[in-house]
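All remarks here apply to the structure that follows.
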Amino acid sequence: MASERLHLILLVFFNHLTFLLSQQEEAGFIYNGFGQAQAGLHLDGAAKILFPDGLLQLTNASTQQMGHAFFKKPFKFDSYEKKLSFSTHFVCALVPKPGADGGHGIAFVVSSSIDFTQADPTQYLGLLNISTNGSPSSQLLAIELDTVESAEFDDIDKNHVGIDIKSLNSVESASASYFSNAKGKNQSIKLLSGDPIQIWVDYEGALLNVTVAPLSIQKPNHPLLSRSINLTDIFPDRKLFFGFSAATGTLVSYQYILGWSFSRSRMLLQSLDFSKLPQIPHPKAKQEQTSPLLIVLLMLLVLIMLAVLGGIYLYRRKKYAEVREVWEKEYSPHRFSYKSLYKATNRFDKDGRLGKGGFGEVYRGNLPHVGDIAVKRVCHDAKQGMKQFVAEVVTMGSLKHRNLVPLLGYCRRKGELLLVSEYMSNGSLDQYLFHREKPALSWSQRLVILKDIASALSYLHTGANQVVLHRDIKASNVMLDSEFNGRLGDFGMARFEDYGDSVPVTAAVGTMGYMAPELTTMGTSTRTDVYAFGVLMLEVTCGRRPLDPKIPSEKRHLIKWVCDCWRRDSIVDAIDTRLGGQYSVEETVMVLKLGLICTNIVAESRPTMEQVIQYINQNLPLPNFSPGSLGIGVSTPVLLESVFNSRSSLAPSISPPSSHNSMFVTHTITYGDGR
């Protein structure tokens, strides 16, 4: 009886031991590469093991493929196990085909069957088809690594990880990333990079966790996805197959599994040995033979590009083209490049235009290391002789006087000259005399300006190496600096004379109202400048233009009108009403009378500029004369011939004028409308 009982106990013990051993065999497995694993795996479709490395390839970058690799034996979970549990760790790689977008991805699969003959590739990942997707009879759980955004499955992007239950519409998904334990935040990871990626899938206590990381990173502390799932509801018979599925469509890639570890228990899961994992092949782009047509098209494209670039070069060359001759080398320090002036004036922008006169337009600009400038574009008459023209421009730039607008240099291109001068911040005098939007100048300011211009003219006539005739003195050519000092500018018709030279003049130049009567017969001289300065004195004191056709005829000619006022013993009536009576009567009357002396139609009766300075500074008394004196108050040359041979004893006697034919220098700085 005792022996029978002992025999029964031993039988039960050996049966239980056999059961435990079989359970341990089914508890898990590990593949560090798949070189010896073919007998334990079920492969179908495009799936195969690449020898000798033992790399498991699911697809080979061909279109419309699917491949499956499952552990052959199902794992049975007995009914006494209240909850299913498992853990797996695998390393995969999705390698793009050179020159193609990859697709569609890899899925780790838990299924009640390994028969996927009815499944479709492409977005169905070789797991389902349009009929079975979402069907209650589909006993399937998949962790998808999806590299294509499928709108029909509401994919979030083309680089995401998702949990799929009976359908490719993920119940949980997130863009591929991993939690960095070092940085304490998620870091993105690209699935279709060709690099090995680690995936952990842990299911325990009805909680499914999916964790992702690059090969070089240990398992992160936090999973990417976490979802409560009851697998018993999905797999009521509790018999489960574990494996992988991958698919391509028109989008293709190489999809590999490098190593795989599986266990029923997370605590018993074996670690993969990365040193034993196979290498990932990276295909090189095929060097396709270039067709002759493509070569011709490329050559044609190159020729077109060269033509376009050549056109741009020629356009820019023409745009910035300048005329340079050998003789100009000696003047190079005074020459500016057209490109620098083009940029300085913001391409001669109209908003920067300061004025427009008879000789050209003036623009404001700014040059580095120079500052604010005024640039006048002058159309040059080639008949005048360019070499002499440039020489006189440069010589004009050498004139140094505090009451001259400094000429900084020039630029020459084709029939155009650009003259560069210092910018005068307060513009021209005529704006303050005739434009009501400008404030009226006080008498003291006007007198200072007249003295400044007289000083500048005296310098031009006697202070330079050569006599310089300005030939266009008027209010619009008198510039005002920041302190309202007068500066004589616009040498648009200026010319040089050697002392004692005498050459006939062939044409009269100047501005109507400022031109001396003898210009038509005797040409220019220093006395023609004195005449114009006399008109300027009347203009500044009266606040009127020398000729104004809009007013009654008896007041139309400024010189005659001032003389008429004097003749009526009311010369103060000619004074600018904008002064509001705030002026010295003695000074204003002196300036008006001096203006009449300077505008005497008998040139020899006009004072020199040196004498004008003495008079205007009241260092000398004015000559004794009256409105009826010969040549006084005559604004037209009608009486010129009858009085020219006479001599006025009431005005200083001046030596005979000389007139010369010289290059006229077109240097104009006009800030108002030229007249």
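The backbone N, Cα and C atoms fix where each Cβ goes, and this holds for glycine too.
As annotated in Swiss-Prot, N-linked glycosylation site applies, among ASN186, ASN426, to ASN186. Of the candidates ASN230, ASN624, Swiss-Prot records N-linked glycosylation site for ASN230; the remaining residues carry no such annotation there, which does not rule it out for them. Residues ASN133, ASN209 are shown; Swiss-Prot lists N-linked glycosylation site for one of them, ASN209. If you average pLDDT over the topological domain 'Extracellular' (23-292) in this model, you get 92.
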